[in-house]
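If you check TrEMBL, you get these features:
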- R75: pyridoxal 5'-phosphate binding site (BINDING)
- R97, S98, Q105, R313: substrate binding site (BINDING)
- R271, R398, K463: tRNA binding site (BINDING)
- K284: N6-(pyridoxal phosphate)lysine (MOD_RES)
Amino acid sequence: MNSQNFSLSEKLVSCSYVRQGLQARRGHEQLVRVLLQQGKCPEEGWSESTVELFLNELAVMDSNNFLGNCGVGEREGRVASGLVARRHYRLIHGIGRSGDIAAVQPKAAGSSLLNKITNSVVLDVLRFTGVRSVSSCFVVPMATGMSLTLCFLTLRHRRPGARYILWPRIDQKSCFKSMLTAGFEPVVIENVLEGDELRTNLEEVERKIEELGAENFLCVHSTTSCFAPRVPDRLEELAVLCAKHDIPHIVNNAYGMQSSKCMHLIQQGARVGRIDAFVQSLDKNFMVPVGGAIIAGFDESFITEISKMYPGRASASPSLDVLITLLTLGANGYKKLLAERKELYGHLAQELSALAERHGERLLHTPHNPISLAMSLTRLQTHSAAAVTQLGSMLFTRQVSGARVVPLGVEQTVSGHTFRGFMSHTDAYPCPYLNAASAIGITRDDITLCIKRLDKCLKSLSKEAPAEKSESGSPAEDLVLIMTALKINKKILSSILMHYAAKL
């Protein structure tokens, strides 16, 4: 209610009570005022009542909610189900216009304001998570793969003669298909093995540029967040090469916002070389439903050009979801989640390392990957090649989601291109392995349960495996394998071994 309505209320209810209510109302309004003035994520999160009050006031600014509205067009924000209307807070018109996803809609001032505020708040989050010099961004209602395609299609107008996209290999289908969908031919650069890590082959990148000609490349398509043992691309070096050869550079930063290391790589790459745009997922970084991404960059005119490439209006759902989430968490709440994720990464690494040691495996050494970890499955492979893939299905049926088991020698054809060693990001990784990730929102209980169930699965598979003669063929080693298979009591086993050793 406005101040006049509050004054009228004093005729019905004690003025002291009404004034108290007015003060409470002004508390909500002050939070909204600061948001509109600064366009930044609030330091402290809002209550649900403040968020809902704000959204309801935005909704009444849209024409479909006008009391006297008379719609005779083909798109009037009509909704048949009240449940659907409430689900969207009656913000039905979506965002943008037919020529620009960032444009203001005459029929929907509230939805347009929602869109502008969301983009401004997200830009603030990009800056305080590490990319301080980012100049512009917008939320697009498509997941990461299609958002990358939109970037490539925009670059087509700048480089009409380009045919190729140079792509350091990452075995994730949507990354590869994003380039094909845009009509370009990916030039796949195989990674190089450094210790356990798979890293960018910079020499091969430069050789391909010289071989095919810089003018024939639409862009370099690099990656930050990825499954270990692959690690983030050498963004600084790639950015320097792109600047040197005047080739655009698009970064797939899918779930990299939650990692200060990934964000630092983007910031440094833009500082020393060239990065035109970087794309990140909403669901992976902000724990909202799948269906949205953020396209951001350092040249506001180019980001505007991408937004104008989007055909037609767009759903406001992703913008609404991320705005509600960030207003509820506040900057401090989001930073706390990032700090907890980073701390639990160390805990997951310790637990996975200890588990691996107990089963004769090891945690692969991948210090350049700040989110994902990998544990070898070499010993399991020696028991049975089928046991490796069986482990994956066992974990899934035991409700361990997200863990990836990567066997050796898998071939996969994606849109006509055959990848050898698919899922391992290289033709022939030295060993099979299992992935686990410490992503935003993970809890200590998640890690405890995962390790417990993984331990049981590995024990079960070890028991099922036939006892094999050791390489040395020594009687003592054979005896240990037999006793283990028969599950003989440790004390009995110890006395037998001592007796046996005395005779050797």
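Glycine is treated like the rest: Cβ placed from N, Cα and C.
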When the binding-site residues S98, Q105 are compared by other Cβ atoms within 10 Å, fewest goes to S98
Minimal Cβ count within 10 Å, across the recorded positions K284, R313, R398, K463, points to K463
If you measure between the CA atoms of R75 (pyridoxal 5'-phosphate binding site) and R313 (substrate binding site) and round to the nearest Å, you get 11
CA pair the residue listed as 'N6-(pyridoxal phosphate)lysine' / K463 (tRNA binding site), Å rounded to integer, equals 37
Around the Cβ of R271 (tRNA binding site), other Cβ atoms within 10 Å, all chains included, total 13
R75 (pyridoxal 5'-phosphate binding site) has its Cβ surrounded, within 10 angstroms, by a count of other Cβ atoms equal to 12
Spacing of the two Cα atoms, R271 (tRNA binding site) and Q105 (substrate binding site), in whole angstrom, works out to 36
Not counting R97, S98, Q105, R313, residues with a CB within 8 A of the CB centroid of the substrate site are G94, I95, G96, G99, D100, A103, G312
As a whole number of Å, the Cα atom of R97 (substrate binding site) is distant from the Cα atom of R398 (tRNA binding site) by 47
Students should find that the Cα atoms of R398 (tRNA binding site) and S98 (substrate binding site) sit apart, in Å rounded to an integer, by 47
Closest by Cα to K463 (tRNA binding site), out of the binding-site residues S98, Q105, R313, is R313
If you count the other CB atoms within 10 A of the CB of R97 (substrate binding site), including all protein chains displayed, you should get 18
